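Q: Pulled the feature table from Swiss-Prot, pasting it below:
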| type | residues | note |
| --- | --- | --- |
| ACT_SITE | 227 | active site, proton donor |
| BINDING | 53, 86, 89, 255 | Fe cation binding site |
| BINDING | 86, 124, 218, 253 | Zn(2+) binding site |
| BINDING | 253, 254, 255 | substrate binding site |
| CARBOHYD | 61 | N-linked glycosylation site |
| SIGNAL | 1-31 | signal peptide |
């Protein structure tokens, strides 16, 4: 009897532990995007790091960037990490058992401060492999930090982040793949997929009561980097962001660090795609008002963000952890400074 009771108590304890783990994630099944909950700290602030275009088994300074991320993560009391896509090069993962997952993620981002949830979107390189593999729960069994979906929401109380699957927007991937094969199993029709995604995003944005609204995608809307602006996003996604009071759009794709403003809205465009290979050396001509370009760095690095009810602070760092650019804005004072 005692043995049976101990077994029952053990099973109950295990179930309680599982429930504690999964309270971090609250799934909303009412037609909106899947939602994850990240409680703010006791002082009400939220801090995170943004990294993109990184997974190269430590090469191209990926390990050095990871080391500096760990130091900054400790300094800002990191809550979670955001990945803007192109998580594994050159062609994503070939399966959920691909050793590249541990070689480029688990074995690289080992600092204590980085042992938090990683919220990731897919990039175009991820779509060149088995895109479904990165979404698999098998990876979370290997490394519990890993959260990757096509599109979803992270609710951090005063900050709400809307992650958008931008690769299916880009029409040239369907017609001019340059010899690459894309995993379109979940995208049988480009137009219907994008239409449904935009509808779900708009519903989520309109229902948001967050002080700060951030949209995260892989592709840039505004960029003077190698790839430049993404026409489809500017035509189809940007109007929804403007209509719903989005404060920031964060992306990767261009292997650089970058900050640009919008011409006719308060939205700031922040590129963090310098997690490993960078230094392309080519810059697209600025076709908009050059005053809208606040910062550009063609090298490795990452970005941190800290939010309170009234203030936001964005900081860009290089591979040595040196501050390259800092931008602070206040919603109370309704002005910003560089």
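Each residue, glycine too, has its Cβ placed from N, Cα and C.
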Q: Which one, from the binding-site residues 53, 86, 254, has the smallest tally of other C-beta atoms lying within 10 Å of its C-beta?
A: 254
Q: Which are the residues of the chain, 253, 254, 255 excluded, whose CB is within 8 A of where the CB atoms of the substrate site average out, their centroid?
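A: Residues close to the substrate site, other than 253, 254, 255: 52, 53, 220, 223, 225, 226, 227, 252, 256, 271, 273, 274.
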Q: Report, as a single number, how many Cβ atoms besides its own are within 10 Å of the Cβ of residue 124 (Zn(2+) binding site).
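A: Its Cβ has 21 other Cβ atoms within 10 Å.
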Q: Would you kindly give the Cα-Cα distance separating residue 89 (Fe cation binding site) and residue 227 (active site, proton donor), rounded to the nearest Å?
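A: For residue 227 (active site, proton donor) versus residue 89 (Fe cation binding site), the Cα atoms are 17 Å apart.
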Q: Using an 8 Å cut-off from the Cβ centroid of 53, 86, 89, 255, can you name the remaining same-chain residues around the Fe cation site, in sequence order?
A: 52, 54, 55, 56, 123, 125, 252, 253, 273, 275, 276, 277
Q: Residues near the Zn(2+) site, 86, 124, 218, 253 excluded, by Cβ within 8 Å of the Cβ center?
A: 52, 53, 84, 85, 122, 123, 125, 126, 166, 167, 219, 252, 273
Q: Nearest by CA distance to residue 124 (Zn(2+) binding site): which of the binding-site residues is it, out of 53, 86, 89?
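A: Going through 53, 86, 89 one by one, the Cα closest to that of residue 124 (Zn(2+) binding site) is 86.
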Q: Write out the long-range same-chain contacts of residue 61 (N-linked glycosylation site), meaning residues 6 or more apart in sequence whose Cβ is under 8 Å from its Cβ.
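A: The list for residue 61 (N-linked glycosylation site) reads 276, 300, 319, given in order along the sequence.
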Q: For the recorded positions listed here (218, 227, 253), which one has the lowest count of neighbouring CB atoms within 10 Å of its own CB?
A: 227
Q: Using Cα-Cα distances with a 10 Å cut-off, which of the binding-site residues 53, 89, 218 are near residue 254 (substrate binding site)?
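A: Qualifying among 53, 89, 218: 53, 218.
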